Amino acid sequence: MRPALAVGLVFAGCCSNVIFLELLARKHPGCGNIVTFAQFLFIAVEGFLFEADLGRKHPVIPIRYYAVMVTMFFTVSVVNNYALNLNIAMPLHMIFRSGSLIANMILGIIILKKRYSVFKYTSIALVSVGIFICTFMSAKQVTSQSSSSENDGFQAFAWWLLGIGALTFALLMSARMGIFQETLYKQFGKHSKEALFYNHALPLPGFIFLASDIYDHAVLFNTSELYQVPVVGVIVPIMWFYLLMNVITQYVCIWGVFILTTECASLTVTLVVTLRKFVSLIFSILYFQNPFTLWHWLGTLFVFTGTLMYTEVWNNLGITKGQPQKEAKKN
């Protein structure tokens with residue numbers, strides 16, 4: 001029952017979260033900081049009440065290690081959300097972030113001195129080609145959709161390049177954080193809920209440097225059109241409703257993934273998360289009518305095929321199918 005609940009939470013929470021994030025970004029592309037702050041604050045308060053037991057429970061992993069992890073996590077979250085303000089369309093944003101395997105492999109080779117099979121190198125090559133195709137085609141769209149003025153076209157393309165640079169930096173930083181987290185868990189054991197709390201609570205003072213931007217967008221949210229919340233009947237500015245739903249669905253998404261990792265094998269987690277990303281991408285294209293050419297579809301196919309190849313899904317599925325047959329013969 002719990003695995004089925006976890007899958008439902010992942011699809012409902014994560015897919016809805018992407019929808020509300022795009023609704024926010026379409027109206028105010030620069031709202032990334034207020035969205036990140038709201039998400040961090042909500043999860044930090046929840047963790048303080050239920051995980052930290054109002055501060056009475058001491059962390060298993062020393063705070064100094066969390067300080068390093070938090071710096072990376074805070075940077076990744078802010079940069080990823082801010083990239084939406086740099087001419088980056090939501091489908092490209094999702095596809096690019098699916099390239100985390102590339103960053104993990106590169107840093108794994110450099111830092112951990114890991115070596116991989118030819119099959120894994122091939123899968124990473126597929127992901128890389130897929131991301132390159134989608135990025136290249138998006139670059140052409142940025143230049144063609146911008147103003148007829150040469151200066152405006154160059155400026156739009158320059159901002160887009162900066163957005164690609166931001167996503168690349170966040171991808172590499174996220175992979176480095178994953179390696180650091182892996183070494184911590186080996187040393188102190190896995191404490192996912194504790195890490196979730198401290199990763200969101202400790203960075204909160206850092207938002208002081210973004211306070212003016214957060215305040216400006218709060219004012220903009222206040223001036224948005226009024227919306228009557230279904231069932232409750234309360235009337236609020238629609239941007240605040242979108243933000244509230246984004247925060248709630250973000251929590252549901254994280255909670256679903258947490259249950260999934262504790263109840264299911266890593267293969268199941270990978271399959272569910274990959275399929276969820278694909279569903280979110282399809283919905284974003286169809287519902288929001290984001291431009292998506294045949295070349296984009298080809299690139300997307302490469303990315304998801306490479307991801308499934310890397311995790312050796314088909315080999316593992318073959319093993320799991322063979323096990324029941326063997327057990328049946330024994331009985």
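The backbone N, Cα and C atoms fix where each Cβ goes, and this holds for glycine too.
Straight from TrEMBL, the features:
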- 32-51: transmembrane segment (TRANSMEM)
- 63-83: transmembrane segment (TRANSMEM)
- 95-112: transmembrane segment (TRANSMEM)
- 119-138: transmembrane segment (TRANSMEM)
- 158-175: transmembrane segment (TRANSMEM)
- 196-215: transmembrane segment (TRANSMEM)
- 227-245: transmembrane segment (TRANSMEM)
- 252-274: transmembrane segment (TRANSMEM)
- 294-311: transmembrane segment (TRANSMEM)
Non-local residues, at least 6 beyond the ends, that sit with Cβ under 8 Å of the transmembrane segment (95-112)
80, 88, 120, 123-124, 127-128, 130-131, 134-135, 164, 167, 170-172, 174-176, 178-179, 277, 281, 299-300, 303-304, 306-307, 310
For the transmembrane segment (294-311), which stretch among 63-83, 119-138, 158-175, 196-215 has the most Cβ pairs under 8 A?
119-138
Taking pairs 6 or more apart in sequence, does the count of Cβ pairs under 8 Å between the transmembrane segment (196-215) and the transmembrane segment (63-83) hit 3 or more?
yes
Report, as numbers and ranges, every residue of the chain located at least six residues beyond the transmembrane segment (119-138) whose Cβ falls under 8 Å of a Cβ in that stretch; write 'none' if there are none.
89, 91-92, 95-96, 98-99, 101-102, 105, 160, 164, 293, 295-296, 298-307, 309-310, 312
